[in-house]
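According to Swiss-Prot:
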type	residues	note
COMPBIAS	1-19	compositional bias 'Low complexity'
REGION	1-34	region 'Disordered'
REGION	204-237	region 'Disordered'
REPEAT	286-326	repeat 'WD 1'
REPEAT	330-369	repeat 'WD 2'
REPEAT	371-413	repeat 'WD 3'
REPEAT	416-455	repeat 'WD 4'
REPEAT	459-498	repeat 'WD 5'
REPEAT	504-545	repeat 'WD 6'
REPEAT	548-578	repeat 'WD 7'
Amino acid sequence: MSAAIAALAASYGSGSGSESDSDSEGSRCPLPAADSLMHLTKSPSAKLSLTVAVDSAPEVAVKEDLETGVHLDPAVKEVQYNPTYETMFAPEFGPENPFRTQQMAAPRNMLSGYAEPAHINDFMFEQQRRTFATYGYALDPSLDNHQVSAKYIGSVEEAEKNQGLTVFETGQKKTEKRKKFKENDASNIDGFLGPWAKYVDEKDVAKPSEEEQKELDEITAKRQKKGKQEEEKPGEEKTILHVKEMYDYQGRSYLHIPQDVGVNLRSSVPPEKCYLPKKQIHVWSGHTKGVSAVRLFPLSGHLLLSCSMDCKIKLWEVYGDRRCLRTFIGHSKAVRDICFNTAGTQFLSAAYDRYLKLWDTETGQCISRFTNRKVPYCVKFNPDEDKQNLFVAGMSDKKIVQWDIRSGEIVQEYDRHLGAVNTIVFVDENRRFVSTSDDKSLRVWEWDIPVDFKYIAEPSMHSMPAVTLSPNGKWLACQSMDNQILIFGAQNRFRLNKKKIFKGHMVAGYACQVDFSPDMSYVISGDGNGKLNIWDWKTTKLYSRFKAHDKVCIGAVWHPHETSKVITCGWDGLIKLWD
């Protein structure tokens, strides 16, 4: 286009070379008007302007902006796109659960952990199992034997020797016959052995003479004497009074129920309304090891008895200065359980030194001791007034033994359990008692009849090492080892109440005590993480949970006359009062 314009301009220029030519030759074509060529010339006023804007902070696509909405929900099982490795294994977003324990934090798809689906051929599994039982080796199941050369576990040398043969293969190696000395020449009368020849690897054992036998008998007798364990003698019982005077100015001991504490401790009527405890108001410290159990004084609850793994039993004040009144010393091993009689004047203690001891609460004197050479796990007085001389103890040899304090002898044995007996609770106006055991069963007994008339054992049941009777006597709260509290009826049929199951705490492996509030509105229990859990009785909802002890919170007792006072004990050696 530009070349055509240039040629046109040149043709116009050649025609206007001189004025004479233009004048002489009038017949030439006239010049075009200037307006007609305006579109071919460059306008001097038109200028090309380039505007450049300088921005010191340009917009940049941030990586976080691009990744919004890409976070995966850890609960989702299927993903509709292909996420990156970083996206799939990024840490979880959102607030952290403050009550999440170490067991709960681990990924799992079932209650006890994470189970991966796997398929094992029954024949191949049985083949390897029998091979291992017969020859002592089997293929390593953790390796893919199709891709890796076969590796064995167990006796690898035997596997190489047999070339990996299994019990189902016909070419297995036959055991070598034992070789005998050969001398089959019958003409050799003195040296002929025949079928009576000895084996090559046979060893001759000479019978000791009479003198040697006597020496051997003496040596074995000495060894037996050394090996015999000396029978554990009961430890020397003593008591320490920690207050200056045992009696006040009126001659009353600390067993006297106080009347100036703001609560009627002699009343048999429970408080109308109970409330949740919220703060710690006192700590009793005196035990050097974990506290096993705490028991309140019968009816009034103005005294507290505690037993510990430091082999000591201590009596504390609940009101006033809350002092330690007396220490009872007499067991050589950890004390497992304690129990007051109905009046509170005496109490029993059961310890791992295989002794049950009867103590006087006021003087601290050890009245008598009982043992059948087995470890007692629990002990209970018969609550009836006319049977205060009888008590029962659950033993480690699967028996419940009944003793008479007056004679010191065993008067009855209940031996139907298949495991160590953990708890004994009297029900139905003390005519019957309920026992639980390591055999995961619950049995109900008539008093003094050694045959259980009710046996409860479901396949889904776990061991229940702590059982408590409700204040109204209608329900049994059982601490089950599958982290829940089960409620059984305690009057007629002893049925499981499936509407009342309390969950949310971690007690697997610990016999944490359960208790009720006096008005039956709350259920309390410690747990393995040292927390105190409080549930609502009607709705089974977990109302409150707070840290009570640094170690396992093994015991929790609600004061029978207070609206919100709870006493807890733990394996940190402390006893705490909450209100």
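Cβ from N, Cα, C; glycine included.
Per DSSP, the secondary structure of the repeat 'WD 5' (459-498) breaks down as 0 helix, 19 strand, 21 coil. Most Cβ pairs under 8 Å to the repeat 'WD 1' (286-326), among the stretches 371-413, 416-455, 459-498, 548-578, belong to 548-578. The DSSP breakdown of the repeat 'WD 6' (504-545) into helical (H, G, I), extended (E, B) and coil residues amounts to 0 helix, 18 strand, 24 coil. Long-range contacts of the repeat 'WD 5' (459-498) within the same chain, counting only residues at least 6 positions beyond its ends with a Cβ under 8 Å from a Cβ of the stretch, are 270, 419, 422-423, 425-429, 434, 436-438, 440-442, 444, 505-509, 511-516, 518, 520, 523, 525, 535, 560. Note on the repeat 'WD 3' (371-413): DSSP counts are 3 helix, 22 strand, 18 coil.
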